[in-house]
Each structure stands twice: as structure tokens, then as C-alpha cells.
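*Asks:* Pasting a structure here, questions to come.
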Amino acid sequence: MVEKQKKIKPGALCELCHGRKAVMKRPKNLQKLCKECFYNVFETEIHNTIVGHELFKKGDRVAIGASGGKDSTVLAAVLKTLNERYNYGVELVLLSIDEGIKGYRDDSLATVKRNQKQYEMPLEIVSYKELYDWSMDEIVSCAGIRSSCTYCGVLRRQALDRGAAKLGIDHVVTGHNADDVAETVLMNILRGDTARLESSCSILTQSSGSPIKRSKPFKYTYQKEIVLYAHYKKLDYFSTECSYAPEAFRGTARELLKSLESIRPSCIMDIIYSGEHLVLGQKKKVTQQRKKPNKIKNDMEQEVRSDGSIKIKQNETKDGNRCEKCGYITSNRICKACLLLGGLEANRAKLDIEGNTAVDGAAKLTRTLEKLAF
Amino acid sequence: MLQPPKKKKKKKKKRGHLFCNEIIIIKYSKMSSTNEPVKYLTADDHIPCKRCQAEDSVLVSRKEPFCKKCFLRFIRGKQRRQMNHEKFKVKYNKTAEQPERILLAFSGGLSSLVLLDIMVSLLKEQKEMHRDRQGFELLIVAIDESNLKAFQNNISDIITSLAAYMDFQINYKILDINNFFADSHLLKTITIDEDYSAWCSSIQHDKTYTYQDIVNMCPDKSSTEDVLSIIFSKLLLTTAEAESCQTIIYANSMTRLANEVLAMIVRGRGAEVHQKVSDSVQKYNGKEIEVIFPLRDVLFAEVEAYAQLTGLESYMLQEVNPKSGKIVRNMTVRDLTTGYFKNLDATGYASTASTVVKTAEKLGETRSKQDRLCSFCGTDLQKDPEEWLRNITVSQPAPLVTEEDHNNYAEYLSSSLSHHKGAAHDQRLPLGVCYGCMVTLRGGGSQANSIVWPVAESNSSDQKVLDEYIISDE
């Protein structure tokens, strides 16, 4: 730990403690820091976020959404450290989702299992297959690779909630970092998603209908710093990206964010700050007046969707509405997951070839090819 | 019992028959075809114009073929719709108090050429229809940038040759950017410290500052760009007030506005978006000045088409060495967002620009707004931006452990590096600066930075009373 060099020039010292040699540039503001000061600022910032937003209460049981990737591995490590250092008094549990992507998720789950032993936390794995009777590989072979993220995202959200409910836990923390949040702010603006615009930056999402809340302790933590932290602390994580195509449009936003960060490192924080201050204005009066006469008439009408479900009118939508099929919280009669699965079920092959491996996705193929030797 | 809902919803219902994944597939197939926003036709195409049915179309815009005449009329119509207020129309009663005066912010770029052409065509039409009367007076204001960049042509020549081309008397005024710093007694040094606090101190010497001096104090190119846009809008507002113009019109196209929204969000100015992008009324020295973007419904590709069809392109202000940057490091925030929208146009996501502008129009005032204004840019201050930053950017060191560390620290204290910290700060006063300006003034780094800027004396009415009636404080 201690540098062996005798004399360090004052210019090469850490810019915070001025006592140790600087070994890294901090991605957030390009400060030259020593390892100890980096650990200190990194952990303290997360601690500030947790305390400032009162994320935890003493005696809480908290599930960490663990994928085995760098974000969730660092999250587990940091939360364990902080919990001991600042005495939060929370019990931490690892919760993993097995989407059923051969060659990708099975490897990363192995990482989670190693982490479980290292951090001495209980681990619960919930799989798509047992929950929905569909694995991601099957979904992709049925619906195509283009829409993979749509399915996976919707299903994972529900799976995490169900996993937490199974464990009797009402709080899931996820490893979403500042880059993810900034990207979401940009995406919401680019897609004109006014419904999510205001809440996209909230660190804690909670609705009165759902017993499970989620939070992002890494909201202000740069992805690059998470990588550095994992590197210096020699954490064991799985660093392969999901083999299915990322959403094309999101990709363009991500690329923009990367170039922006390279010319101005603070821009991720700046975008989050902007995002926290985006507020929808009052609707203009003119349009409201024009709509009024129609509205009275509309109260008598009911929209029937193509799938036979009936749309619940805006004023009736309230937190706590339940899906008719599965009982999951939804703003419509049938939740998004059931809707998507219904569509899949209709297209499912009636016959199955025994021992068919064609459904195993690209990742499996890559793994097999990697192991080939001449 | 199950009546179809509103007419509008009928369309939506139709789409509802498709399965979700089908919708997604349609979206992608649209994307893969290179449907540029404006497609030019050649003489061999012989597609009749959909509007007049008489002439061959020259281009396809918004899925509709247009002949030249109908396209120009279509674009002009966009401006008329944005400015269809009664006050811009010809008034016959002579008792009208003040003639409506409009200030057109003219940069010499394509959009401003097109807007000028549209406004002049409107005035000509008014004169023709209403026996030589016009509904408003037009004043062209340009900011001379010739001492910032080298240009092939000069802005006043452009305006005079345009006047000849349009056969119309154009009133214009060219501003020197250094006017902004002319009021030397207002100039103060604004410092943003390492802990994000903002301070203001007076300047001792009587040096006159030029724009170039200020540029040298900016930490990076993106900051310079932001500072420049603040100066421009402030200068135009001042000029509008001095020239008793009630309205300022900007030539920003929809694409440009979308770009501006994105750039503002990236700069941490999200809270200002609703003011800066929608048509608004701004208060300046107690006067209300309306700011309008008449081309907000026109894509930049359509502006280009308009300029090409009318031959206005040839009048454009040309830089000697236009930026040909592909190197990201040399780009600014706006360069990057502009490039982003250009790419989207090429890949068929052209509708994004309109989505972004429409979304920005739906935004409103924040709840954390304070009653104070930012001393640098003049927008509403939000609550404690510096506190927000301090919480998420900790700058406390880890404790020093070994003796060697302590020795190093002692060495550091005795070296010259630690000295600048002890500089006298007693002469300075705290200042309210918004988050966006804080970022602009400091750049992305962790260092403190200072800039010279005209800071208005506190303009609260109480202060004015005190200033007027107190002779001496002792």
C-alpha cells in the first residue's frame, strides 16, 4: 500500500490529501487522487446519497438486484462496507434473475454465486422459465432479436418484484449508475415520453399499490468510477455484455453521451441536474375548454382493445390496480407482461423437436466456438 | 353500447390490431430506408404538384410533392401561423399609439436569410393589398463577429445586396460585441471556487475588456460557446429595448430548436428549457418584449430547400475556415448535438426533432425556483445548486496514516503549490449563480475559475431607495 519511493514531488501528490502519491485521475472531475482518497470520496458520496434520501431504515431487509456485472457486484461490496461502517442496521440479500440466455446468464450467475460466498449474503434466483414458462432464448427465437430488450425489460421488472415478495422483502436496490440515469433523461426527451419525464430521475420509486419499492444508490456514481473501484478492490465480476442486440435508438443516445463525456466530464451530472428540474407545465386552457363537451360524452364509452381487454379511463386509473390474469400491479386491465406473453403464446410453435438446440441464442454459439480447438 | 371513441382514436384503434412486435418491426423497416426529410426531384420525374395540380413538383416534403411556388408558399404559411396576432396586421385607424416594431436577429446563416425573405414578402404583400400600408416595421439587427472569426464576406454588404435583390428598403443595425463590456463600472470578477461557491469582487485597474479577453478566461470551448450565446441574447434584448421594438424574432428552425433543447439539458440548464424554447414574453428594464420563433415548425432541411429554390444561399455569410472537425476532442457541446440530429436525419429518425421541440413546449416552471435571478445569465435561480453538487462530489481526503504521508504533506505545505489557497478573500461578496453558469464558468474540472462580467447592481427596489436617499453611511 505504501509507496516505496522516497521523495515524491509535491506536484505528483494526491490533490486531496497532499500526502500520498496520486495514482489515478478521477473520471468525474479529472482530479488526481491516491487510492485511499478515491475510496473515501467514492464511498462517502454513496453514503451521502443513501442518508440524504433516507433510503434505509434500521432493521430493513434489502434485496440487491445482482446480475454478476460490475455495477451490482460493486453495489453489493459497497453496501456491505457502508452497512458495517455507518451501522445502517440493514440485512442485505442478493436477488438474481435468470433470464435464460445460455452462454451469458449462466456464466454471470456463477459469478453471483461466488459473490454470495465472499460477502456472506443469502441468495435467491428467480428464473423466467419457471415464472413465465418462457426463457429469453425461446422468446427471441419466437419474436425476433429486435424486440428482445422490450420483452426482457418488462419481464425482469416483474420478476424482481416477485422474487422480493417471495423473500418477504419490500425494498430492491439496483445498480443503475449515473450514466444510466443520464441516458434515460436524454431518451425521455428524445422520445417525448412526458409520462416518465418527471420521475425518470427519482432515486426511489414507490407506488401506494405496490408493496415493493426500488432505489438506485448509484444514481450519482459514474460508471467509470465503478469500474475503477472494482479494479482496485479486485472484485470478481462478469464483464460480458448481453448478447442480444441493444435497442437501436438507445444506442445512439449512449454514443452521444460518451462523446459528450469526453469533452466535458461533468456533463453526466449536468444532465441529471437538468433531469431533476424538468417539470411539466400546466396544460393550456384553450385545449381543455375545447375538450370538455366531448368528455361528457366519452364517459359513456369504453375502449375495447384488440386483445379483448377494456381500457380503464384516465380518471379511474389509480395506484393499486391489479392485472386480471396475474394480479400484478398495472395501470390497465391486463399488465404489460401478460400482454406480451399472450402475444408470444399465440405464436408459439405447436410442435417441438426433441433435443432442439436451435433456440439457444447467439451467446451459446459464441461460447461453443470459443472452446473449439484445432 | 360499444361506440367507437373519438375520431382521433379511431386511427389509433386501427393500429391496435397489430401485435406489439409487429409495430416494432414497422418502426425498424421505416428506419432502414433512408427517408431524408426533403427529397429533391429531377425534371424527368414529372410528378404534378399536389397543391396547384398545374406544375411539376421539384421536391417532396412531408410526403407531399411540391412545385417551387407552392413550397415557398407552404413555408411562408408556417411563419404566418406563428405570427397571426392582430398586432402584426395592417391597422387602418391612425390613432394606433405606437407602430409595432419587430427586431429580426440576423446572423447571416441560412435560416436568418430565409426568415428575412419571408418577412419581406409578408410586408410586400401587405403593402400591395392595403394601399402602401404595412402592419409593422422591421429592424434587422446583426452582431458583428468579424473580430471573432474570419469571414469571406461582410454582414453589412450582405444586407445591402439583399435589399437590392428583394427590391425593398431594409433598416438594419450592426452591433459590436464589445458593447457588452463597454460599461466598465459594471465589470466585476466572478469567481467560482473549488467548493462551488460563487463570489464577486471588484476590479482594481481601469483596463477595458474586449470579448477576446473574456474568451481567454473561459475554461474550454463549450464554455466559450455558452458565454457567447448569453452575450448575444442579452445584447439583442438591450437593443430591442433601446430601439423600442416590442418583438424579437429568431430564425431558429425546428431542428435548431431541438438541438438547443438537448444542448441546454447537457449544460445543466434543464430548468430554463421552457423559457428559452417556447415563444415567451421577457421583461427587460420594466418593458415587456415578446420573443417569437416563427420557423419553429420548419425543419432545417426545408430551410435549406427554401434557400436553394430562391437562390438565397449565395448571400450566406461564409467563414474562411469553417470547422471541419471530426475529432471529438475539439468539438463543443453544440457541435455534438448538431451532429447527433444530422445523423438522426440520415438514419430516418427525422421526426425526433419535432418530438423534442413538442416535449420542450410542454415543460413548465420548477417548484424549487427562487425569487432571485442568476447574476451571470439572468435566469431564475433554483434552490442551492452548490449544495447539490457538494453532496455528490465529496472532496474530503482520507486520513493520512504513515509518517511518510505526513512528511509529504509537510513538504507540500512548504512548497509553492499550497500558497495560492491563502490569497486574501476579504474583498469579495457572495453571488447567486445558477447551475448552468457554474458549469460554464468552471468547465468540467475541479479547479476554481474566474471571469470578468458586467454584474448589474442589485436591482431590488429597496436598494434603489437606499442608494437614492442615503448620502453617507456613517
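Glycine too: its Cβ is placed from the backbone N, Cα and C atoms.
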*Asks:* Which one, A:Ile97, A:Ile101, A:Ile145, A:Ile203, is listed by TrEMBL in the same ATP site as A:Gly65, A:Ala66, A:Ser67, A:Asp71, A:Gly175, A:Asp180?
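*Replies:* The one candidate that TrEMBL places in that ATP site: A:Ile97.
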*Asks:* Of all the binding-site residues given, A:Asp71, A:Asp180, which has the fewest Cβ neighbours within 10 Å once its own Cβ is left out?
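*Replies:* Across A:Asp71, A:Asp180, these binding-site residues, the one with fewest Cβ atoms within 10 Å is A:Asp180.
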*Asks:* Among A:Gly65, A:Ala66, A:Ser67, A:Asp71, A:Ile97, A:Gly175, A:Asp180, the annotated ATP contacts, find the widest CA pair distance and round it to a whole Å.
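*Replies:* About 20 Å separates the two most distant Cα atoms.
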*Asks:* Please give the average pLDDT for the domain 'Cytoplasmic tRNA 2-thiolation protein 1 C-terminal' (A:321-351) in this predicted model.
*Replies:* 79
*Asks:* Going by DSSP, is A:Ala66 (ATP binding site) sitting in a helix, a strand, or coil?
*Replies:* coil
*Asks:* Just counting, how many other CB atoms are there within 10 A of the CB of A:Gly175 (ATP binding site)?
*Replies:* 24
*Asks:* Using Cβ atoms only, which residues of the same chain lie under 8 Å from A:Ser67 (ATP binding site) while being at least 6 residues apart in sequence?
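*Replies:* Same-chain residues close to A:Ser67 (ATP binding site) (Cβ under 8 Å, separated by 6 or more) are A:Ser96, A:Ile97, A:Ser108, A:Val112, A:Gly175, A:Phe238.
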*Asks:* Using DSSP reduced to three states, classify A:Gly175 (ATP binding site) as helix, strand or coil.
*Replies:* coil
*Asks:* Mind checking how the domain 'Cytoplasmic tRNA 2-thiolation protein 1 C-terminal' (A:321-351) divides into helix, strand and coil residues in DSSP?
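*Replies:* Helix, strand and coil residues of the domain 'Cytoplasmic tRNA 2-thiolation protein 1 C-terminal' (A:321-351) number 12 helix, 2 strand, 17 coil.
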